[in-house]
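Visitor: Pasting a structure below so you can have a look.
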């Protein structure tokens, strides 16, 4: 209800008095010009605001309900599907336990310092990625826009993976599981096993034919897969409902989405360790291959994994930290989240290889039985002599060790004709060396292992529900990396923007639920994020260390934390991290150039994957993904450099929150001449958080028309909200 104008006037006067007291308490004693300034209050405009809001309660920028909620949000964002299906693969491929050494080194060199940097700038400036870099230097505002574009690209296909997990989760409430055995095909005369399944396996067939109903090439769209379309729609509805109120709604879900995966992983680890062969998998996993550790490729892949595991460059880290209080200990947060992420990767690796060890043991037992039967046939046919078989060997209950003994003897005696016998070695290490990652691990290898579990339906449902939660935790941070910067910059309502963003993403995402959709997922995963994010993070480092100033940034950290951070970060930010990131960028470009651009297509007739090169139109799409993600950086730089947009127009404005309502606050920055770059004292430069209703006019100064109603803002919200960022102290 509209309030009495006298009450409004009295409350406004009280706010002005408090604002002036806070402002003057922060000003230098020598700043006489500011102390002589006059306050001009627009009563009518304040009345209108109060009338529209109809509330006596003032709300600052949304904040986390608790520190635990914030930590869980950051953990949920950084810990994602890559920790479960990418890290174990890299660990196995690149030297087992030895891979942990370069990973930890690079985590300390680029991971933690850059994660700390993003947390600090978000908390210091309290804006999304666009506002943060526009605040440091308007010419570098394109960094934030580039982050938003990459977040959008990643969200498009990442939610498709959540949709796949939802589909498998929905199919897990059956016994036996639908991917347990190959389906039978009936015709007029007889029944036979589906040929495509017989040539591959039950889980492989279910993934490619039943779930994806995949086409044989990228160019053959095959129409929409309606099962996956419904799952994708469900995934976007879940994300939209969780994000529609920002951190006020998504924050509460973090308690479940971030903690549930750890419950499942621990349950799987305990169950896995009780399975036959699990110890073999874990032993194989952590047996170090030191010679592989020295290869440059191992360090490049470790650096890439560190980079993406922490979510650097996406803007989600900055967005989440921008809702913190200014004196929050973000250094502790950076260390805690980084090592929780590492611990999760190691835990997931233990689980994966305990289960894969069990699976390899089952396959090895089948191999032993089949080849023992071959040996018995060869003995009966006279191709092998009974004298070469040790007397203690019993083929009816032969062990893997006894079979390998017989195999070695036959190989030595029948050296020349051994290959014609068709015997296999049946070594469990051979199965464990078959490295799988991504969808091949989650939807084929792991699902096959779970079919041998007692109560397999329960474990399958738990596993895919865990994947859904891991995906949603990362999606919350990714969408926050889009929504928060746009809301902070363009003053749109968060609820409306969230709904529009999810709707647009769903309709664009329909290309991923065609029969050829899996190939588009691979394309986006390979080309939409890697190079753009590396460039974004390099520019972030340059913006803070070179343009803002490393010394000034260290002083800001001391002011926020209450203590001076270690000089270790000084040298990492200034010298080591930029060098390592530059090397990683060059190595990624070289790797992309050397690797033939293409994808693995599933061929129905052979029931095998076959490498196909991208057609010309697909190559154009790949290049466009990279260019579109980077394009905002030069565009904004040119626009700012040539003054093509008037800063006072509000097009790239800052934002503040008052009484739960967004207030538009145009930024009046002249090029890069701000206190952030030239080190002016707070008394020399106005705060970037300009108010709209309370302004100051210097005594004796002419009236200027560059601000609303011809007046400059005094940073009212800076005085009213001490946690909001002002100028460098």
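Placed from the backbone N, Cα and C atoms, the Cβ positions cover glycine too.
Caution: TrEMBL annotation is automatic and unverified by curators.
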Visitor: Looking at 406-431, 614-639, 640-665, which one is transmembrane segment according to TrEMBL?
Guide: 614-639
Visitor: According to TrEMBL, which listed range is transmembrane segment: 30-57, 142-169, 170-197?
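Guide: TrEMBL lists transmembrane segment for residues 142-169.
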Visitor: Pick out which of the binding-site residues 83, 341, 474 has the most other Cβ atoms within 10 Å of its own Cβ.
Guide: 474
Visitor: Given the transmembrane segment (302-323), which of the listed stretches 100-121, 259-282, 457-483, 571-594, 614-639 has the most Cβ pairs that are under 8 Å apart from it?
Guide: 100-121
Visitor: Using a Cβ cut-off under 8 Å, which residues of the same chain at least 6 positions beyond either end of the transmembrane segment (614-639) come close to it?
Guide: 138-143, 145-146, 149-150, 153, 218-219, 523-524, 526-529, 531-532, 535-536, 539, 597-599, 645
Visitor: Given the transmembrane segment (142-169), which of the listed stretches 100-121, 335-356, 457-483, 533-550, 571-594 has the most Cβ pairs that are under 8 Å apart from it?
Guide: 457-483
Visitor: To test your reading of the Na(+) site: which residues beyond 76, 79, 83, 341, 470, 474, same chain only, put their Cβ within 8 Å of the Cβ centroid of those residues?
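Guide: Surrounding the site, in chain order, are 75, 77, 78, 80, 81, 82, 258, 261, 344, 473.
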Visitor: Should anything in the same chain at least six residues away from the transmembrane segment (70-88) have a Cβ under 8 Å from its Cβ atoms, list it; otherwise answer none.
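Guide: Same-chain contacts beyond the ends: 64, 161, 247, 250-251, 254-255, 257-259, 261, 285, 305, 308-311, 316-317, 320-321, 323-324, 333, 336-337, 340-341, 344-345, 348-349, 352-353, 437-439, 441-442, 467, 470-474, 476-478, 480.
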Visitor: Between the stretches 226-247, 259-282, 335-356, 533-550, which one has more Cβ pairs under 8 Å with the transmembrane segment (457-483) than any other?
Guide: 259-282
Visitor: Of the listed stretches (226-247, 259-282, 335-356), which one yields the highest count of Cβ-Cβ distances below 8 Å with the transmembrane segment (100-121)?
Guide: 335-356
Visitor: Please work out the number of neighbouring Cβ atoms within 10 Å of the Cβ of residue 470 (Na(+) binding site), leaving out its own Cβ.
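Guide: Cβ-Cβ neighbours of residue 470 (Na(+) binding site) within 10 Å number 29.
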